[in-house]
Amino acid sequence: MQTKGGQTWARRALLLGILWATAHLPLSGTSLPQRLPRATGNSTQCVISPSSEFPEGFFTRQERRDGGIIIYFLIIVYMFMAISIVCDEYFLPSLEIISESLGLSQDVAGTTFMAAGSSAPELVTAFLGVFITKGDIGISTILGSAIYNLLGICAACGLLSNTVSTLSCWPLFRDCAAYTISAAAVLGIIYDNQVYWYEGALLLLIYGLYVLVLCFDIKINQYIIKKCSPCCACLAKAMERSEQQPLMGWEDEGQPFIRRQSRTDSGIFYEDSGYSQLSISLHGLSQVSEDPPSVFNMPEADLKRIFWVLSLPIITLLFLTTPDCRKKFWKNYFVITFFMSAIWISAFTYILVWMVTITGETLEIPDTVMGLTLLAAGTSIPDTIASVLVARKGKGDMAMSNIVGSNVFDMLCLGIPWFIKTAFINGSAPAEVNSRGLTYITISLNISIIFLFLAVHFNGWKLDRKLGIVCLLSYLGLATLSVLYELGIIGNNKIRGCGG
């Protein structure tokens, strides 16, 4: 219990630390342009501030510039912490029980319900971007977090893990191919700055085909290995490892774990009779007990107590409004847990997007840039922690599957709101996408996918610090170019606010 509690508080401490560093990314060494026009063809037009779709807030623009902006930064960090708590403690456990009740296989469960747990903030942000702000913050958050997931999380796994993990070829190839197709589809959709109903349906179809492939993953894997292994050394080695290595195993400490043959983002596994339930989720490895400790138990360490006190209002609010389905008494109420936690995620994400939008407007940073930096890294914090934890245990395939595979669900996060708005709300009229810079970002994303696969290949299919350094430098380079393009420093994509 103490080990699990220590990991939980360490995860939240890491969350706050990374968020604090990320919050300063757009400001370091950058001279912001002053309300310049965005070029669109032969004319220029201003971009209406998304903050007009939100309440006015509790400070004027001048008060925010005089120091009130710090309050907004603190609220942003606190909302990230709240989303992390509700996902870890309520949303994911309810999704696991739903998958168990429906009898879903680990592949289907991992790419549907379980992937929804990790991508819930991105999904809500996409809905807010389409229906509330009517801007690009949802799209840029998903595309920005995708680049971070591919290169940033891989860099964290390589640099923070003392174990060199051997990777399998097929799962990485499968997920990279699926995401390359998805990203290429998004590029084609947003290229003309309009999204039609059939284009939103196309993204849903791609995701459905991906789930269908996972349903027959074993047969497809065996067929491809049989056909391609004579000419592909990595596939031949993958076949040898799959024959030698069982799915379930035991660590030196006597604790059961899932071996790297598990190639999905997450899944639910049961040991033979006489053993406890073992659950692997997108937020890490944890031994699930029937009756977890009370959320009101104060940690012993001083630093943990500080974080516990800071999060106590959120803990109390969730405790009073959402049943904890991890406990035996509330297990049958998992549907209520699912809907209540989804409501709270939506509420916290709304406040988060509101604060980030006003912060970006105060600092004269476009909403797309904020989505590429603060929102992108923040919504991927749980994935970062989960991947680093499994990489430290030598389970490289599981870490890479979390890195690449979960991004496919993010395409669904764009397809659902686009399809609903264009097919049922706008009367078949297209939805407008205002940012030409997103085209550049999507191209960068496709390049990063190909680069990651080639980097792993030339590194000998190993997840180590050498790969981590290469991915880190690549991510910093792509992120810098994307931000400079959105700011108008490079290219012809300068932005100004209407009425400014």
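Each Cβ is built from the backbone N, Cα and C atoms, and glycine gets one as well.
Given the structure is predicted, the values throughout are model-derived calculations rather than measurements.
Some features that Swiss-Prot has for this protein:
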SIGNAL    1-29  signal peptide
TOPO_DOM  30-66  topological domain 'Extracellular'
TOPO_DOM  88-111  topological domain 'Cytoplasmic'
TOPO_DOM  133-136  topological domain 'Extracellular'
TOPO_DOM  158-169  topological domain 'Cytoplasmic'
TOPO_DOM  191-195  topological domain 'Extracellular'
TOPO_DOM  217-302  topological domain 'Cytoplasmic'
TOPO_DOM  324-333  topological domain 'Extracellular'
TOPO_DOM  355-368  topological domain 'Cytoplasmic'
TOPO_DOM  390-399  topological domain 'Extracellular'
TOPO_DOM  421-437  topological domain 'Cytoplasmic'
TOPO_DOM  459-468  topological domain 'Extracellular'
TOPO_DOM  490-500  topological domain 'Cytoplasmic'
TRANSMEM  67-87  transmembrane segment
TRANSMEM  112-132  transmembrane segment
TRANSMEM  137-157  transmembrane segment
TRANSMEM  170-190  transmembrane segment
TRANSMEM  196-216  transmembrane segment
TRANSMEM  303-323  transmembrane segment
TRANSMEM  334-354  transmembrane segment
TRANSMEM  369-389  transmembrane segment
TRANSMEM  400-420  transmembrane segment
TRANSMEM  438-458  transmembrane segment
TRANSMEM  469-489  transmembrane segment
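Touching of the transmembrane segment (196-216) and the transmembrane segment (67-87) is ruled out by the presence of fewer than three CB pairs under 8 A, sequence neighbours closer than 6 excluded. Against the transmembrane segment (334-354), stretch 67-87 shows more Cβ pairs under 8 Å than any other of 67-87, 170-190, 303-323, 400-420, 438-458.
Listed stretches 170-190, 400-420, 469-489 were compared with the transmembrane segment (438-458); the greatest number of C-beta pairs under 8 angstroms is found for 170-190. The transmembrane segment (400-420) makes contact with the transmembrane segment (170-190): 3 or more of their CB pairs lie within 8 A, with pairs spaced 6 or more apart in sequence. Taking Cβ pairs closer than 8 Å, the topological domain 'Extracellular' (459-468) reaches residues 154-161, 164-169, 234, 237, 391, 396, 399-400 in its own chain, all 6 or more past its ends. For the topological domain 'Extracellular' (30-66), the predicted model reports an average pLDDT of 57.
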